[in-house]
Each structure stands twice: as C-alpha cells, then as structure tokens.
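Colleague: My structure is below; once you've seen it, I'll send some questions.
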Amino acid sequence: MRIVLVGPPGAGKGTQATRLAETLHIPHISTGDLFRANISRQTELGKLAKSYMDAGNLVPDEVTIAMAKDRMEQPDAEGGFLLDGFPRNVSQAEALDELLETEDMKLDAVLDLEAPEDEVVKRIAGRRVCRNDSAHVFHVAYTPPKKEGVCDVCGGELYQRDDDSEETVRKRLEVYHTQTEPIIDYYKAQGLVTTVSAMGKVADVTKRAMSALSGS
Ligand code: AP5
Ligand code: ZN
C-alpha cells in the first residue's frame, strides 16, 4: 500500500505511522525524521533544514522533494510506503503525483488525522524524543518512559525538540493551516481522503486508522 498521513503538528502522526507501518510491513518515511537525522549528522542538508525548522517554517520544496524521492526509491519502498509529513503543500503533492505516475504507481489512501488545537499543544509540550532515533517518542504524562529521561526502546537520552517551544509551535500550526491543509482538498478531489479522529488512546487510534485503511 502507498499511504499519506496528514494532520497537524502533534496529532500523533509519527506515533501512529510507526505502528501502522509495522502492521502493514511497509517502511515509515518521515521527512521530519530524515531532516533530524541530517541535523544530528551535521550534513549540509541538516544545517539548511535546521534554520527553517527552528523557525517553524517549511524547508524549501526543492531539497525536500529530492530527499523524499531518494528515500522512496530505496529497495525497501518498492512494495509500498507510509509517508508521514510529506507532502506538506500542494506543490509537493503535485510532485509526488508526477513521481508516482512516471513509475506507473498511485496512492491508495490519505489518512487525515484530526485533533483539536488545545490537545496538540498539550501533546507537543510533553513530548520527549530519543537522541538515537527520533521515531522513539514518549510523552511525560500520556506515554511516559519507564525511567525518566531514558528511552524504553534503546536506552538513549530523551530530549525536547528545539522546534517544540511555544512560539515555534504557534508558527507550525499557522503553517499547517495555510500551507498543508489545502492538500486535503487536493486529495479529496481524487477520492483518497479518510478522516480519523486522533483523540483517545494510542491503540484505539491505530484501530480506527487500520479499519479506515481496510476500506481503501
Ligand atoms: P515533523 O517532524 O513532520 O513535525 P510535525 O508535522 O510538526 O509533527 P510532529 O512530529 O510535531 O507531531 P506528530 O503528529 O508526529 O506527533 P507525535 O506522534 O510525535 O516536521 C518538523 C519540521 O520539519 C517542520 O516544521 C518543517 O520545518 C520540516 N519538514 C518536515 N517535513 C517537511 C516537508 N515535507 N516540507 C517542508 N518542511 C518539512 O505525537 C506527539 C506527542 O503526543 C508525543 O509525545 C506522543 O507520545 C503523544 N501522543 C501521540 N498520540 C497520543 C494519544 N493518542 N494520546 C496521548 N498522547 C499521544
Ligand atoms: Zn531510543
């Protein structure tokens, strides 16, 4: 399956994507995680991305699309993938359509993860991420690690993302509404969108998402 996961910052895209990708045996491709891996390796791409991410803005399309394309062309993505955080504006969605068309492929579903603003703000404020792997995500109150500050999965140090400050979160939400939400209409026109509530327990959201996908 080829799936796009969309939703506001903090809705739980990464949390759900990890679980859905495992169940569906497809790679979880997160452009945010790819940028963070570049930042920790201190690559040129990482340095460029960090300046945009810390301000809550989108990284320019040219580098983002090239990075996503490169990842989607890896052998493990041949049978499908779950995109998390890409596309993030209409021109990225158009670029993805073009890319899929040249490979004679198409998307199967777009999952729109819906959560109210006050909830996403609470989720982001308490989020802690592993230094070793930004797919290892916890929340100080909702999904706390067994030992404070230590990743349950790999023992790595947990930290708060630089772009999780209150001011940057406000900017990221604004960018989501103005630049990312329009892709929902873009995909609705293709009949691909299923809206799933992101409220409630992590496992319940996964169940809702899986049943939405089974109808796609
Ligand atoms: P990215 O990393 O994609 O961030 P985001 O979209 O803002 O989303 P988040 O990672 O903040 O949240 P999430 O929805 O994954 O929630 P999570 O599962 O962690 O992008 C970061 C930046 O990179 C962008 O601002 C941009 O600069 C750049 N970028 C990335 N892609 C780009 C692109 N395509 N183009 C241009 N620029 C791009 O959950 C949040 C918290 O809630 C966690 O603590 C979790 O434990 C908790 N939680 C999750 N589910 C539940 C639940 N059901 N109940 C209680 N708590 C929960
Ligand atoms: Zn870890």
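Quick reminder: no glycine exception, Cβ is built from N, Cα and C everywhere.
Not measured: the values here are computed from a predicted model.
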Colleague: For the record in TrEMBL, which of the ranges 30-59, 90-119, 120-149 is the region 'NMP' one?
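Modeller: TrEMBL lists region 'NMP' for residues 30-59.
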Colleague: Taking TrEMBL at its word that THR31, ARG36, ASN57, LEU58, VAL59, GLY85, PHE86, PRO87, ARG88, GLN92, ARG161 bind AMP, choose the one of ARG170, ARG172 listed for that site.
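Modeller: Answer, per TrEMBL (AMP site with THR31, ARG36, ASN57, LEU58, VAL59, GLY85, PHE86, PRO87, ARG88, GLN92, ARG161), from ARG170, ARG172: ARG172.
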Colleague: I'd like to know which of the binding-site residues THR31, ASN57, VAL59, PHE86, ARG88 sit within 10 A of ARG127 (ATP binding site) at the Cα level.
Modeller: none
Colleague: Over all shown protein chains, what is the count of other CB atoms within 10 A of the CB belonging to THR31 (AMP binding site)?
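Modeller: Other Cβ atoms found within 10 Å: 22.
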Colleague: Out of THR31, ASN57, VAL59, which of these binding-site residues is nearest GLY12 (ATP binding site) by C-alpha distance?
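Modeller: Considering only the listed binding-site residues, the nearest one is THR31.
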Colleague: Sorted by position, what residues of the same chain at least six away from PHE86 (AMP binding site) have a C-beta under 8 A from it?
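Modeller: Result: VAL4, ILE29, SER30, THR31, THR64, ALA68, GLN92, LEU96.
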Colleague: What is the interatomic distance between the Cα atoms of VAL59 (AMP binding site) and GLY14 (ATP binding site), given in whole Å?
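Modeller: About 18 Å separates the two Cα atoms.
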